Amino acid sequence: MPKSSKVTQRDQGNEPVTESVADLLALEEPVDYRQSVLNVAGENWTKQQPDGEEAVEDRPAWNNKLEYILAQIGYSVGLGNVWRFPYLCQKNGGGAYLVPYLVLLILIGIPLFFLELAVGQRIRRGSIGVWNYICPRLGGIGFSSCLVCLFVGLYYNVIIGWSIFYFFKSFQYPLPWSECPILKNGSIATVEPECDKSSATTFFWYRDALDISNSISEGGGLNWRMTLCLLVAWSIVCLAVIKGIQSSGKVMYFSSLFPYVVLICFLVRGLLLRGAVDGIVHMFTPKLDKMLDIQVWREAATQVFFALGLGFGGVIAFSSYNKQNNNCHFDAALVSLINFFTSVLATLVVFAVLGFKANVMNEKCVVENAEKILGYLNTNVLSHELIPPHVNFSHLTSKDYSEMYAVIKTIKKEHFDRLGLDPCILEEELDKSVQGTGLAFIAFTEAMTHFPASPFWSVMFFLMLINLGLGSMIGTMTGITTPIIDMFKVRKEVLTVGCCIFAFFVGLIFVQRSGNYFVNMFDDYSATLPLTLVVILENIAVAWIYGTKKFMLELTDMLGFRPYRFYFYTWKYISPLCMAGLMIASVIQLVVTPPGYNAWIREEAAEKYVYYPQWALGILVSLIILAILPLPVIFILRQFHLVSDGSNALSVTYKKGRMMKDISNLEDNDETRFILSKVPSETPSPMPTHRSYLGPGTTSPMEMTSVANGRFSSGYHMATTPESEL
């Protein structure tokens, strides 16, 4: 006879029946646990529930599957797809870069994205609750994710503020960055020297928009226009997320779809521009030798990692509002592939436009140097015999100029440098790689000044940037608010408004005259190392502590089919090794290359790479340490039982006539105590082993057996929506 069973005698017969405690409870009517001995929290409860209704967790849910998919797409497809991926593609071998990117997307991106979707959907909590539930000693993962989300949100919304500034500046013709400003001193008019030395778009960005200082040490006070734009940006974000997914889900219909409309319009318009094909061909011409460069693979892994938003907690938060039978495997593949094809689409658009810009700049170079040659011919510095007879200065082509340049360089070899002639090679113009703000606010804006109806295209472009940033910010804010709401049960409206107000005031550091340098610091160093470590520990917690085999069984139960064994090997071996390699490479890169930034020197009207001062290095290191700190702190506190890990907490959920109870961490004698509220032993264990550490063959902590609904079919089920385990 089993240890935990007993023999009972039914009134209707003499046959002994062996029934376990769980079997006996299956015959009981559903009870109100707050009025019964199951009320382990000792809560007072006087409100009567309507007959036939059970208390269920009041957790929001997506209105439909489309809202959820658009939310995940809006979160993963962000500004990096438009201004980071094209730069990496150009820098790292053109079309050849797509090979390591796709390989790492399959080996790292999709499996880890699927993992985060699955744990969020199964446990139905934010990042803090999920990792507290799976492995309390690694509960610091959720807190680190929230901190990194905060750091990223602080500076990311500043970029939205910049886009808002350019958006409103676009409603004028000609565009304000199309020409250098003229300085008038009486009857004398001169071009602004800083603009004359650089370009109109560069001057507008650094001087008119940012009014930037010469270094990070020169604060220079607040830029009031950017401060106002930052306030508008945080107001938009606050309104979008104040009602949780009920409000953000509606916003996603526009913010997720509108960028695709703009990208397609830009692609069609770009392909009609002269030189667009040159840019696209140059972009996708593969440089196969780059595929053997380890640096290319490191940058591809980093881009895959950040493109999908792994480790931030937004993916888990969005997924936690799903139904448990949702096919998250399909969602992971769909969102990952859409993200990749969006990056390729953005790359086509960027290089179609930059190809046009390169042709315009090359023609300008040819005209300027042809005028120099004519001057030398008129002053007899050069002989007319050096000019090929078919060359016509009135209609000089790039090919004619290149031929003439080669002849002059060959004949006047000794004195050629004194002539100051430029080669005007189109490929060199196309090779001028730009990324980030340099691409969006300088290169792309300069190209749009040459478009017909340029204000219209400028308005569309910056409205697209605002929506791309808004989609990512909604996911980032959800990654912060959802775990806190789950843990502390605060009102989401109060929490959201409080977070936005706090973030706005802290974010004022980014809208002072030196604010751009702080944006670059946060962008380069606040997230890379902490998030890489977070995702490694997420992978270890599921694959090695909870167990890959048990997790695959959970997925089979949840999805209704067994996922491919490919995921078993990637979660257990390939992804941890790849992420560890990325972590080591990032640390080496940080040590080998001293941290620095590109400072805009006003007197020289040029960028200059300078190293961070000691106090700035202190801030940089503090950001990394602060983001990682919850990991060892939570581990130590729970390892030595300094705080409760919540392993004795009993989570109850009543739904559809079932009573689901998590008793997987109770010992045999504790089952009696659980039912009868009696203590079987005088010295029970103060810290029983948590569910996550159960050995092979035991009941899975997240497993829920399938029992038919009905009065006599209720029994114990494992809680799939646990309360906070802290």
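The backbone N, Cα and C atoms fix where each Cβ goes, glycine too.
The transmembrane segment feature in TrEMBL is assigned to 68-86 (among others).
Counting only residues at least six positions away in the same chain, the Cβ atoms of Met252, Ser255, Ser256, Leu470, Gly471, Ser472, Ile474, Gly475 sit under 8 Å from the Cβ of Gly74 (Na(+) binding site). Per TrEMBL, the feature Na(+) binding site maps to Gly74, Val77, Asn81, Asn339, Leu468, Ser472.
Per TrEMBL, transmembrane segment is recorded for 98-119 (among others).
What TrEMBL records for 140-168 (among others) is transmembrane segment. With a cut-off of 8 Å between Cβ atoms, the residues of this chain six or more beyond the transmembrane segment (140-168) that come close are 79, 126-132, 209, 225-226, 229-230, 232-234, 236-237, 311-314, 437, 440-441, 445, 458-459, 462-463, 465-466, 469-470, 472-473, 476-477, 479-480, 483-484, 503, 506-507, 510-511, 515, 518-519, 522-523, 526-527, 530-531, 533-534, 537-538, 541, 623, 626-635.
Long-range contacts of the transmembrane segment (224-245) within the same chain, counting only residues at least 6 positions beyond its ends with a Cβ under 8 Å from a Cβ of the stretch, are 60-62, 67, 71, 157-158, 160-162, 164-165, 209-210, 251, 255, 318, 321, 470, 473-474, 477-478, 481-482, 492-493, 496-497, 500, 503-504, 507-508, 510-511, 515. As annotated by TrEMBL, transmembrane segment applies to 224-245 (among others).
Taken from TrEMBL, the feature transmembrane segment covers 257-277 (among others).
Under the heading transmembrane segment, TrEMBL lists 300-321 (among others).
Taken from TrEMBL, the feature transmembrane segment covers 333-354 (among others).
With a cut-off of 8 Å between Cβ atoms, the residues of this chain six or more beyond the transmembrane segment (456-482) that come close are 71, 73-79, 81-82, 126-127, 145-146, 149-150, 152-153, 156-157, 159-160, 163-164, 166-167, 170-171, 175, 236-237, 240-241, 244-245, 248, 251-252, 254-256, 258-259, 262-263, 265-266, 269, 309, 312-318, 320, 440, 444-445, 448, 492, 495-496, 499. Feature annotation from TrEMBL assigns transmembrane segment to 456-482 (among others).
Outside the transmembrane segment (494-513) by six or more residues, the chain places 150, 153-155, 157-158, 161, 210-213, 218-223, 226-227, 230-231, 234-235, 237-238, 241-242, 477, 480-481, 484-485, 519 with a CB less than 8 A from a CB of the stretch. According to TrEMBL, the transmembrane segment annotation covers 494-513 (among others).
Note on the transmembrane segment (525-546): residues 112, 115-116, 119, 131, 134-135, 138, 141, 144-145, 147-148, 151-152, 155, 302, 305-306, 310-312, 571-572, 575-576, 579-580, 582-583, 586-587, 590, 595, 620, 623-624, 627-628, 631, 692-693 of its chain, located 6 or more positions outside it, place their CB under 8 angstroms from a CB of the stretch. Residues or ranges marked as transmembrane segment by TrEMBL: 525-546 (among others).
Among the features that TrEMBL reports, transmembrane segment is placed at 566-592 (among others).
Outside the transmembrane segment (612-637) by six or more residues, the chain places 137-141, 143-144, 147-148, 151, 216-217, 521-522, 525-527, 529-530, 533-534, 537, 595-597, 643 with a CB less than 8 A from a CB of the stretch. As annotated by TrEMBL, transmembrane segment applies to 612-637 (among others).
Annotation comment: TrEMBL describes 679-699 as region 'Disordered'.
Distant neighbours of the transmembrane segment (257-277): 70, 77, 342, 345-346, 348-349, 352-353, 355-360, 451, 457, 460-461, 463-464, 467-468; these residues of the same chain sit at least 6 beyond its ends, with a Cβ under 8 Å from one of its Cβ atoms. Cβ-based crowding with a 10 Å cutoff singles out Ser472 as the top-ranked of the binding-site residues Asn81, Asn339, Ser472. Least crowded of the binding-site residues (Val77, Leu468), judged by neighbouring Cβ atoms within 10 Å of its own Cβ: Val77. The Na(+) site is set by Gly74, Val77, Asn81, Asn339, Leu468, Ser472; from the centre of their CB atoms, other residues of the chain with a CB within 8 Å are Ile73, Tyr75, Ser76, Gly78, Leu79, Gly80, Ser256, Pro259, Thr342, Gly471.
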